[in-house]
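Student: Quick one: the structure is below, questions incoming.
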Amino acid sequence: MGKKSFDPAPERAPARADAEKRSAAAASVAAAVLLTVLKLFVGLATNSLGVLSEAAHSALDLLAAGMTYAAVRIAAFPPDPGHPYGHGKIENLSALVETVLLMATCVWITWEAVDRLFFNPAVVKASFWAVLVMAISIVVDFSRSRMLMRVAKEHRSQALEADALHFSTDMLSSAVVLVGLCGLFLAEALPETSAARPWLERADALAALGVAVIVLRVSWSLGKRAVNVLLDAGDAALAGEIRAALHGLAGIRAIKNVRLRHSGPDLFVDLELSLDNAIVLEETGHIRDVVEKAVRGVRKHALVNVAFLPFEPEEGDRIARLRGLAAAHGLTIHAVDVLELEGPDRDGGRVLVELHVEFPPETPLKEAFCRVSAFEAEFRKYRPKVSMVTHIEPAGGEGRETLLPLMESREIQKTVSRIVAAEPGIRDAHNVLVRSLGDGRCASFHCRMAPDATVEAAHAAATKLQLALRREFPELGRVTVQMEPFTPEEGGAVTGRAGQPC
């Protein structure tokens with residue numbers, strides 16, 4: 001029951017899907033090369049910091065695209081003894097490195113922009129070619145980011161998603177630079193005495209600061225996600241959804257733990273579930289299938305690892321634990337009594353458990369004793385201070401009682417009526433039953449006393465009747481007396497059953 005069951009991982013992406021991911025990554029490398037060369041050439045020709053910063057950004061996109069291509073190839077390798085969870089985290093490591101590079105770019109762009117704005121103004125040429133390159137960059141970035149994001153979502157590739165984010169950032173920052181270049185065109189059209197001209201001439205540096213802000217924001221988000229995955233940070237919301245999906249499934253008594261870890265495109269879900277102690281090992285396979293189906297209803301491609309644990313009831317529910325543990329040991333028990341002792345018993349505990357265990361009549365005593373001892377030892381792991389007294393008996397013995405024929409029980413019935421009538425304050429003996437119990441007999445009967453009598457007085461009276469009956473019939477085993485109140489006006493019983501006063 002305590003063994004872990006490992007679900008076979010869903011079939012990994014087929015060769016076609018891996019080829020599609022590599023193709024998308026390779027195309028992004030080619031696009032990054034094209035944009036980097038164009039922006040660098042035009043930036044140097046026009047002395048535009050905005051365009052040069054975009055060239056640097058595209059160069060980092062090129063490096064990121066190359067890393068993504070390598071990461072996608074490595075992440076597709078199957079698990080091996082050294083990497084039992086696969087190689088998917090190479091994608092997350094790649095994303096973290098890309099974040100560091102992007103933040104370094106932000107620092108450089110900000111430094112240069114502040115220097116040009118306040119200390120060393122530079123003459124920038126607003127040319128048609130710069131505008132054209134930025135327009136081409138926006139078109140290429142838009143198409144690449146859409147394609148990469150589609151493939152990333154289809155194949156759950158965080159590396160491709162990060163690459164798509166890079167191209168989206170490049171597209172937005174190119175738009176900012178384009179606005180800056182348009183500002184330069186407007187500045188040239190204004191007279192030199194215009195108050196707006198100095199600010200429009202600085203539009204290039206201001207646009208560069210805008211690029212830095214955009215890149216920094218995206219870098220922070222991407223880096224945070226990458227670090228969380230690398231450190232196996234949990235996802236409380238997703239774990240809550242999985243708990244809700246498992247709640248109420250047949251056989252599961254408690255959800256002890258839900259642990260999640262991401263590795264590239266894969267989500268690993270580790271579960272610890274407490275099962276009803278009456279469930280046998282053969283049933284756990286079906287329960288595991290149901291659990292996996294429920295988890296994949298929340299996250300389709302989750303890799304599920306289930307550990308089944310025995311259910312541990314609350315402290316006060318000792319009898320439920322005893323019965324469940326006995327069932328796990330293949331034992332049938334009955335007549336379980338849990339007694340709280342006034343002082344420590346001989347085993348140092350303050351709780352005494354008495355019970356009967358049934359075995360086939362032909363079972364050797366040594367075998368029965370060994371099985372009972374193993375059962376007791378395991379129960380003491382939960383409650384080491386408990387003393388146990390276990391009675392071993394043949395199956396079908398004490399547990400099966402048979403009503404005696406009226407002729408055989410008539411003498412006991414007459415005696416019950418006589419001793420009840422002789423006891424002051426007690427009347428109306430009825431429902432007298434005499435049953436055979438193994439080699440002996442047991443009896444039960446109802447009688448009535450005043451409704452204002454206390455429970456203590458009723459118990460004392462019932463005990464007195466039990467002792468009186470056993471004096472007449474020493475061979476009797478269990479004697480059970482149910483004491484009922486009667487109404488003083490009518491002398492009838494107040495039983496509390498539906499339709500009667502209580």
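Just so you know, glycine gets a Cβ as well, placed from its N, Cα and C.
Small disclaimer: the values here were computed from a predicted structure and weren't measured.
Positions annotated as transmembrane segment by TrEMBL: 24-45, 51-72, 93-111, 123-143. If you look up TrEMBL, you'll see 27-231 marked as domain 'Cation efflux protein transmembrane'. If you look up TrEMBL, you'll see 240-297, 411-485 marked as domain 'Cation efflux protein cytoplasmic'.
Locate each feature and note its surroundings.
Tutor: Packing against the transmembrane segment (51-72) from elsewhere in the chain are residues 18, 21-22, 25-26, 28-29, 31-33, 35-36, 39-40, 42-44, 90-91, 93-94, 97-98, 101-102, 105, 108-109, 112-113, 130, 133-134, 137, 157, 159-160, 162-163, 166-167, 169-170, 173-174, 177, 181, 208, 211-212, 215: each is 6 or more residues past its ends and has a CB under 8 Å from a CB in it.
Cβ atoms under 8 Å from those of the transmembrane segment (93-111) belong to residues 53, 56-57, 60, 63-64, 67-68, 70-71, 158-159, 162, 166, 208-209, 211-212, 215-216, 218-220, 222-223, 225-227, 230 of the same chain, restricted to positions at least 6 beyond its ends.
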Student: Sort the residues of the domain 'Cation efflux protein cytoplasmic' (411-485) into helix, strand and coil with DSSP and give the three counts.
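Tutor: Once the DSSP states are binned, the domain 'Cation efflux protein cytoplasmic' (411-485) shows 30 helix, 32 strand, 13 coil.
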